[in-house]
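**Student:** According to TrEMBL, the protein carries these features:
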{"type": "TRANSMEM", "residues": "A:6-24", "note": "transmembrane segment"}
{"type": "DOMAIN", "residues": "A:9-137", "note": "domain 'Threonine/Serine exporter ThrE'"}
{"type": "TRANSMEM", "residues": "A:31-50", "note": "transmembrane segment"}
{"type": "TRANSMEM", "residues": "A:56-75", "note": "transmembrane segment"}
{"type": "TRANSMEM", "residues": "A:82-100", "note": "transmembrane segment"}
{"type": "TRANSMEM", "residues": "A:120-142", "note": "transmembrane segment"}
Amino acid sequence: MSWTNLLLQFILSYISTVCFGVLLHIPVKAYNASGLIGGITWVIYWVMYYQHHCGLAISNLVAAILISLFSMFAARHRKMPMIVFNVPALVPFVPGGQAYKMVRNFAIGNNHLVMVYMYQVIVIVGAITLGFGLGELMIRALGYLKKLLRKRAGATR
Amino acid sequence: MLTERRRTLALRTCVLAGRLLIENGSNMERVNDTIERMAKAAGLRQFQDFTTLTGLVLGSDNLPNAQVANIRRRQNNLSKVAAVNEVSREFTAGLLQLPEAYAQLRSIDRQKAGHWQNQFEALAAAILSAVLMVVFTGDIVDWWLAFIAGGLSYAVFSFIVRKFKIQYLGEFCASIVIGLIACEGVKLGVATNADDIIIGGVMPLVPGIPLTNAARDLVSGNLISAPTRGIEALLTAVAIGSAIVLVLRFE
């Protein structure tokens, strides 16, 4: 793992996230924040999956949780809906390449590889769904904790 | 005491806000949350809402009739979602009066894209294709063909969607363009790997918003909207895949 390669991955995923944001007409003020979220989560995913070989499911799960949390913070900070940040940031994780390879092998009649890629697509989509759910849970838990602490502080005063 | 007219206007404002949010690709939890807050701020009691991807029904206890809106076309325009969100936040905070909020929502509904918007989007799609091809496959020599394929196919896609207003066939035709460019490039010897170019080229067309929204709606327990979004994403993916297969079969 070299630092220049890491930086390159960050820059490329930042650019791709911002470009996808342009396609989805997100507000101009949200370009930088969503690009940063996409870049940081992709770098973490890249280190986990390609360097430490943590496996497809865990890497995507962690990435989805992080996207969920980061976009919640950005949404609170910028006062915009969360969807503006998490949809563009997800673009490097969408299993487009695997889905394409699945269809291609299906057309050629290579049934063994179809199952391999279908498994990958199902794992990635399932991990992302679960990751968003867990992220939502963590956000609610944080809100609950904050409320509890405030109440405790109010009671002692 | 609210007058009858004001209650009707409040309900119409909520319908308009909900319709704008669903049309422009928001997730259902956000839609329900926004219109319930607006109804509460407008003083409607016993407010009920039923939202699906293709229409919404809203009613209140102190009004005899429910209001219905039909949603035929859906697009992805998240800046409109953000704008509706802003209006709803100001309205619930008491900074906007009801007629002003309604007028602002109407002006958001009428908003048109800028003059260079389509060219700008095609450029963004081209850059996206080239960059993601390098990220996913590590193939650097073919970036310029992915750039051309992504930009041209997105231009075809947005042209078909704008002019003929048919969903799914826009993606189909755009994917045929990608497949043809990639295969001809390899045949002419200017590119090395057709698969990489196709993977890069289809990335702008991949159904990102329906997929994310399906996941989030499923997690939040909306069992009507989540499978519908999933089917929308699946149909788009099938349109892209079948077009690519069609090209590969004849090359």
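Note that Cβ sites are derived from N, Cα and C of the backbone, with glycine treated the same way.
Please treat TrEMBL annotations as automatic predictions, because they have not gone through curation.
Provide an account of the burial state, proximal residues and distances for the features listed.
**Tutor:** In the predicted model, the domain 'Threonine/Serine exporter ThrE' (A:9-137) has a mean pLDDT of 88.
Tertiary neighbourhood of the transmembrane segment (A:31-50): same-chain residues 1, 6, 9-11, 13-18, 21-22, 56, 58-60, 62-63, 66-67, 70-71, 74, 77-78, 84-86, 88-93, selected by CB-CB distance under 8 Å and a gap of 6+ residues from either end.
Panel annotation: around the transmembrane segment (A:120-142), residues 56-58, 60-69, 72, 86, 90, 93, 95, 98-99, 102 of the same chain, lying at least six beyond its termini, place a Cβ under 8 Å from a Cβ of the stretch.
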**Student:** Are there residues at least six beyond either end of the transmembrane segment (A:6-24) with Cβ under 8 Å to its Cβ atoms? List them, or say none.
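**Tutor:** Here the qualifying positions are 30-31, 34-40, 42-43, 46-47, 87-89, 91-92.
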**Student:** Excluding the flanking five residues on each side, which residues at least 6 beyond the ends of the transmembrane segment (A:56-75) place their CB within less than 8 Å of a CB in that stretch?
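**Tutor:** Long-range Cβ neighbours of the transmembrane segment (A:56-75): 30, 33-34, 37, 40-42, 44-45, 48-49, 81-82, 84-86, 89-90, 93, 120, 123-124, 126-132, 134-136, 138-139.
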**Student:** Sort the residues of the domain 'Threonine/Serine exporter ThrE' (A:9-137) into helix, strand and coil with DSSP and give the three counts.
**Tutor:** 112 helix, 0 strand, 17 coil
